[in-house]
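Encoded as structure tokens, the structure appears first; notes follow it.
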Amino acid sequence: MSSAKRVKLSHSKAPGPFRKPSSGDRAAAKVLTKKITQAPKAAAPIKQKAREAEEDDDDDDKDDKDEEDEEQNDDSSDEASENDDSTPTVEEATKEGQTELPSKEETPTKSFRDLGIVEPLCEACEALKFKKPTPIQEQAIPLALQGRDVIGIAETGSGKTAAFALPILQSLLEKPQPLFGLVLAPTRELAAQIGQTFEALGASISLRCAVVVGGLDMVSQSTALGKKPHIVVATPGRLLDHLEKTKGFSLRSLKFLVMDEADRLLDLDFGPILDKILKFLPRERRTFLFSATMSSKVESLQRASLRDPLKVSVSSSQEKTVSTLIQNPLFIPHKHKDVYLIYLANEFAGKTTIVFTRTVNEAQRVSILLRTLSFGAIPLHGQLSQSMRLGALNKFKARSRDILVATDVAARGLDIPEVDLVINFDMPQDSMTYIHRVGRTARAGRSGRAISIITQYDLELWLRIEKAALNGRKLPLFQPDKEEVMVFKERVEEAQRHAREEMKALHEDRGKKGAVLKGRKRGSATKRRHDDMDAEEG
């Protein structure tokens with residue numbers, strides 16, 4: 001075993017050499033699937049390589065531009081209309097005052113090295129099985145490395161986290177300091193997963209990352225912030241609490257701000273809190289804004305927080321879902337919903353599956369139903385404590401449970417890379433929720449399937465979703481043989497009785513404690529408590 005010393009990021013001088021990740025790395029770094037095998041390199045050569053990579057990219061861009069100019073001169077007489085549609089370079093867009101770069105999805109895929117990422121971070125990407133940049137990474141990373149503010153508009157599951165994490169870590173390597181970057185996320189689960197990504201990418205350089213979210217102890221969070229982490233990932237409300245109440249905590253020296261899922265941040269009415277947070281941050285900073293959509297609210301946030309940004313988008317088609325996603329409606333009578341769900345669970349046994357329900361109560365019941373019939377199901381919803389929500393996610397990611405039964409708390413932003421199937425057990429109420437639900441599968445270029453169970457009560461809703469999310473395109477039906485489905489009917493009825501009894505006991509137990517599970521709403525006096533439902537899951 002190597003006796004090499006562990007070298008940490010310095011705050012007063014250039015960082016020391018990289019080391020190979022050891023088994024003692026923090027828990028988040030355990031997602032590394034293989035060790036970085038190349039010999040460590042000193043920071044000075046890393047900087048030199050980064051500059052050389054950027055110069056090489058600049059030379060390549062100049063050569064490409066010269067070739068494009070020659071082609072345009074040759075064909076200008078008879079292909080003027082095609083020239084009008086050509087993709088401008090960053091330099092052209094900047095010179096002409098243009099702030100949006102069209103999609104380059106037809107451009108041959110580059111490697112992370114081609115984008116200007118330094119070797120140690122490229123090795124970390126390889127260790128995490130990031131084989132090649134996704135379209136949003138390919139477009140956003142070079143702009144970020146050039147020092148520009150960036151707006152990224154991309155389909156859900158496109159790899160946005162690495163698109164901002166890699167440039168921030170590369171800048172941190174060049175000029176290390178505490179409290180270097182801040183990432184704001186709309187949900188606790190997304191914040192936790194962004195933190196895990198940063199720690200995994202920075203495992204070889206002893207990166208310190210603090211995740212600050214609601215539902216957890218503020219004192220322990222204050223202690224973590226007092227240790228001056230390099231990166232802070234937070235939900236807006238809890239971050240503002242610390243900015244206003246935690247002594248000695250300041251972000252006045254911050255270099256990078258990221259607002260991830262910005263449209264969701266504003267949908268959840270975080271706008272006033274974001275305004276307050278911005279007052280605590282320095283004006284001289286770099287800002288990245290990533291969003292699935294570009295609404296008027298997001299545009300207002302952009303004007304308030306970004307300086308002369310370049311906007312990149314990889315959503316080239318009008319259809320809102322990715323091309324690698326197979327979508328099927330399943331039309332059935334309402335009374336047979338449970339039977340068809342069990343048929344699907346059996347048909348796709350062994351596949352990682354998310355089953356979406358509309359209410360907390362139904363998520364609990366369906367989870368019990370599946371477990372009674374020996375399927376590895378676990379619930380995820382807003383009435384679980386934060387630790388239990390993260391526990392459910394970790395079990396699902398680790399494949400110790402292959403079915404996650406969730407309300408829309410899991411529909412947006414969760415980074416679960418390998419979800420094979422999404423089942424809409426209850427139809428969502430609008431097209432955007434549908435898009436974000438089915439976007440949990442077929443992420444970052446992978447294929448996936450989404451099956452929506454549609455009863456006689458959902459037809460009008462489905463037609464609206466079909467028109468808004470699919471531009472009216474008719475999807476192929478999922479049509480199982482009815483006799484094969486009804487084979488499960490008797491066993492499902494027995495499991496339904498068991499689920500009703502268990503739900504009744506749960507309600508009675510919670511009634512005694514003063515916290516009753518409800519389907520759509522919770523009373524203002526209801527407290528969030530640990531959910532005893534899944535205690536047997538460990």
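Even glycines carry a Cβ here, placed using N, Cα and C.
Since this is a predicted model, take the numbers as computed values, not measurements.
Cross-referencing 110-138, 139-167, 458-486 with Swiss-Prot places the feature motif 'Q motif' at 110-138.
Looking at 16-19, 196-199, 252-255, 260-263, the range annotated in Swiss-Prot as motif 'DEAD box' turns out to be 260-263.
Per DSSP, the secondary structure of the motif 'Q motif' (110-138) breaks down as 13 helix, 0 strand, 16 coil. With helix defined as DSSP H, G or I and strand as E or B, the compositional bias 'Basic and acidic residues' (498-512) counts 15 helix, 0 strand, 0 coil.
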